[in-house]
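Listed in Swiss-Prot:
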REGION    76-102  region 'Disordered'
REGION    89-105  region 'Triple-helical region'
REGION    116-307  region 'Disordered'
REGION    118-150  region 'Triple-helical region'
COMPBIAS  157-168  compositional bias 'Pro residues'
REGION    167-187  region 'Triple-helical region'
COMPBIAS  186-196  compositional bias 'Basic and acidic residues'
REGION    194-226  region 'Triple-helical region'
COMPBIAS  202-220  compositional bias 'Pro residues'
REGION    231-257  region 'Triple-helical region'
COMPBIAS  231-242  compositional bias 'Low complexity'
REGION    260-295  region 'Triple-helical region'
COMPBIAS  279-288  compositional bias 'Pro residues'
Amino acid sequence: MKIDKEDDQQQQMRRVAFFAVAVSTAAVISSIVTLPMIYSYVQSFQSHLIMETEFCKTRARDMWVEMQVLHKSGVTRSRRDAGYKEGSGSGGSGSGGYGGPTGAGADIGPTCCPCQQGPAGPPGPAGDTGPNGNDGHHGAPGVPGKEGSILSSALPPSEPCIICPPGPQGAVGQQGPKGPPGPKGKSQERAADGKNGEPGMIGPPGPPGGVGEPGPPGPAGQPGRVIQVNGAAGPAGPRGVKGPPGPKGLPGIAGLTEIGGQGPPGDAGGPGPVGGQGPPGPQGPQGPPGDEGSCDHCPEPRTPPGY
């Protein structure tokens, strides 16, 4: 049988089939490599998210417990005298775009926060006075002034001044205002420490620590002692192993000479030997006709392309 050469359409279809198989193979290989990586990343992200969620829950529970402890203790905090903006009901905005702190006059309604944390408390008391700042640098020299000139007096000429004797001393004037602080001294001695502040409140108990390392082995104990105690009798033990047969007994008394009656039937005998082969049986009836034959098992005939 003569096979014709492939035409252009068949060659084009072959190229398309080869390209499709190559793309499918590459997609399968990339999915085999990419899916485990994506699964590992998602699993690690889920584990990290669960850890962060548990940590957030723990911190929120600790803060809630601390708020309850502070509420039960009844500790009040006073507002600071300076350094904070006066509070208002709406919370005004401060410099830089940040809201000012809420004062005691703020109207805080009963709200429920998802993080179980209340609003910010009032400002604390004023801190200690800070140390004096360093002296500033000297300023630049000023511009020289204009030259003065003698002007004629606009007042009429006065009588010649008569030198009078000094009068009595006047009364003592009021004390003047306090002058500015002087420059920083050059003494190398350290100033005295300030007084200690009041002790703070006891914080909540910290989280339990990790399991410590096992300690060194302890000293050896004293050797044991056997103490004899006469207790009650225990239960009977299990039955022992059967012993060996005893010695042969003495000969018995001679039997009677009379004939006894018929004894009981004996045990059944064993199976007999296999019997010989029997004669052949008669011929059986004729069987039904078989199925018609088919060509399913035959290979397909080879035909030229395009047939």
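Note: Cβ is positioned from N, Cα and C throughout, glycine not excepted.
Taking Cβ pairs closer than 8 Å, the compositional bias 'Low complexity' (231-242) reaches no residue in its own chain that is 6 or more past its ends. Segment contact is absent for the region 'Triple-helical region' (167-187) and the region 'Triple-helical region' (194-226), given fewer than three CB pairs below 8 angstroms at sequence separation of 6 or more. Residue counts of the region 'Triple-helical region' (118-150) by helix, strand and coil are 0 helix, 0 strand, 33 coil (DSSP-based). Here the region 'Triple-helical region' (231-257) is broken down by DSSP into helix, strand and coil counts: 0 helix, 0 strand, 27 coil. Across the region 'Triple-helical region' (194-226), the prediction's mean pLDDT works out to 82. Taken through DSSP, the region 'Triple-helical region' (194-226) splits into 0 helix, 0 strand, 33 coil.
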